[in-house]
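So that you can see what the record holds, here are the features copied from TrEMBL:
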{"type": "COMPBIAS", "residues": "222-234", "note": "compositional bias 'Polar residues'"}
{"type": "DISULFID", "residues": "Cys54-Cys57", "note": "disulfide bond"}
{"type": "REGION", "residues": "210-234", "note": "region 'Disordered'"}
{"type": "SIGNAL", "residues": "1-22", "note": "signal peptide"}
Amino acid sequence: MLNKKSIAAALMALFVSVPALAATEGVDYKLAEVEVAPLQKDKIEVTEFFAYWCPHCYDLEPVIARHIKTFASDTVFRAEHIVWDKQRDFGFARLAAAVKQSGTKIQANPFIFEAVIKQKVNLGNSAVLSQWLKAQTAFDGSKVQAAFDSFSNATQATQMESWTDQYAISGTPTVIVGGKYQVIFNNGYETGMTTIDELIKKVREERGMKAPAPKAATTPTHSFGASLVNSVNR
């Protein structure tokens, strides 16, 4: 029989929100093959290992590019191109380093993926890349070319090769949080973003880090294009 107390309890249960389930090891994430110390010791690193020729990375790119904009101030994102086969991969790693160095990653990456995956353009070949960059109008290809030709470019690509080995990366895309937890994307990339957030919280708690202040509201820009230009290239 319903009484006032039981009705009140039922209403309370109805309106109290149920907390989201925490990420489950073996389902949503697993321990990385090797635990690696962060480059920035005071930050939580979310590191993506990808390849421009990987169709799954092509699918992940727009999802993770949106999501990293929500990261708190104590969290940083790194995108490193894998180098397994140096003859095949090193040119692509140099390109990844060039777009990062030139600050054009947000603008350039969608077109690079599109060219490699959909149009089958081998941008890992420096001569092909040079001609392709000259034809681009959506971003400044000359900036990418200048970075590609810089003295430090090959060194950065070599560092990506070293990280590929150091993290024992065996597939792409691979996303590792805090140098120790690898995201499992079995339930899709959007769900994987929730897992990333939960793993960031987990690492923060394990390190005893204070919760960062909420991000300040940003002033709306006048156009979508302007918002892209003003975005931080990571």
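Backbone N, Cα and C define each Cβ position, glycine as well.
Since we're looking at a predicted model, the values are computed, not measured.
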Requested in this report: Within 10 Å of the Cβ of Cys54 (disulfide bond), how many other Cβ atoms can you find? Include all protein chains, please.
Outcome: 21
Requested in this report: Restricting to the same chain and to sequence separations of six or more, state which residues have a Cβ under 8 Å from that of Cys57 (disulfide bond).
Outcome: Phe50, Ala51, Phe113, Thr172, Pro173
